[in-house]
Amino acid sequence: MVNPTTSEVQPTMGVKIFSAGVSACLADIITFPLDTAKVRLQIQGEGQASSTIRYKGVLGTITTLAKTEGLPKLYSGLPAGIQRQISFASLRIGLYDSVQEYFSSGRETPASLGNKISAGLMTGGVAVFIGQPTEVVKVRMQAQSHLHGIKPRYTGTYNAYRVIATTESLSTLWKGTTPNLMRNVIINCTELVTYDLMKGALVNNKILADDVPCHLLSALVAGFCTTLLASPVDVVKTRFINSLPGQYPSVPSCAMSMYTKEGPTAFFKGFVASFLRLGSWNVIMFVCFEQLKKELMKSRQTVDCTT
């Protein structure tokens, strides 16, 4: 992600992974209500999720959830979300530069677009497989409603892991890996590569210095591009993960059912919520990530100088 100047020390792989994990967790805590609103909007209109309550827009969904199910509902599934970022974002973001450098080893020129995309594909794919159980639990906790006397499927995050593994199967914790892999390959490549290219263009053309305003603008552009490309796969992933056993035989059948029953616009349900969430998440995560890397390396230099 644009190498630091010669006067700066390159962050180590450990610093990048730690910084990515901490920054992603902070971003998740702040933006989680938007993510919950996105999930509710995405499953709206689905058979098992239908109810007398209709969600209208992002703020309307958040307000309705707070009024009908209580403010804590906006953070239902947060522990799984934090676990997801620790196991997922720390790897896909923290390893991106190192994998990119590996693909570019032996070359004096900067990493090509192909190398950047390859790095995004590899880190995103590995992270999805490791973090998929946390994604399944997070989505199900966000989707379940406590209204109309409906008994919730899960009483908490760890109860959800246990119930899913014992009543469905252990493999169900990896349910939806295919659409989630597709989604996160798109997200990882688009998000990291767009951020990398945008930041590089701003810094190399001396439009902005490699500082907070540059990181903020690059993150916003990356967030919009990512949401636009990933939204259809994201909706299918959410529907499939949240589905009851046997409701959809496969991922394609889930997508086809959405198309025939709700039309093509169903694939962009919750788009505004997705952008608000991903855009703000990107800004918080990337700005914190860049600053934390710098501060950790400064601290390390200070320690090295005193020893």
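Here the Cβ of each residue, glycine as well, is placed from N, Cα and C on the backbone.
Bear in mind that the values here come from a model prediction, so they are computed numbers and not experimental data.
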Swiss-Prot annotates one residue of C189, C254 as cysteine sulfenic acid (-SOH); which residue is it? C254
Sharing a topological domain in Swiss-Prot means sharing a membrane side, so do K73 and N205 qualify? no
Quick check on the annotations: Swiss-Prot lists transmembrane segment for one of 162-178, 179-195. Which range is it? 179-195
At a Cβ cut-off of 8 Å, and with pairs 6 or more apart in sequence only, do we get at least 3 pairs between the transmembrane segment (179-195) and the transmembrane segment (74-96), yes or no? yes
So which one is it: of the binding-site residues K56, K269, which has the fewest other Cβ atoms within 10 Å? K56
Best-contacting stretch, by C-beta pairs under 8 Å, relative to the transmembrane segment (213-232) and drawn from 11-32, 74-96, 117-133, 267-289: 267-289
Stretch contact, the transmembrane segment (11-32) with the transmembrane segment (117-133), Cβ-Cβ under 8 Å, 3+ pairs: no
Go through the chain and flag residues at least 6 beyond the ends of the transmembrane segment (74-96) whose CB is under 8 A from any CB in it; none is fine as an answer. 1, 13, 16-21, 23-25, 27-29, 32-33, 35-37, 62, 65-66, 119-120, 123-124, 126-128, 130-131, 134-135, 137-142, 144, 157, 160, 184, 188, 192, 285, 289
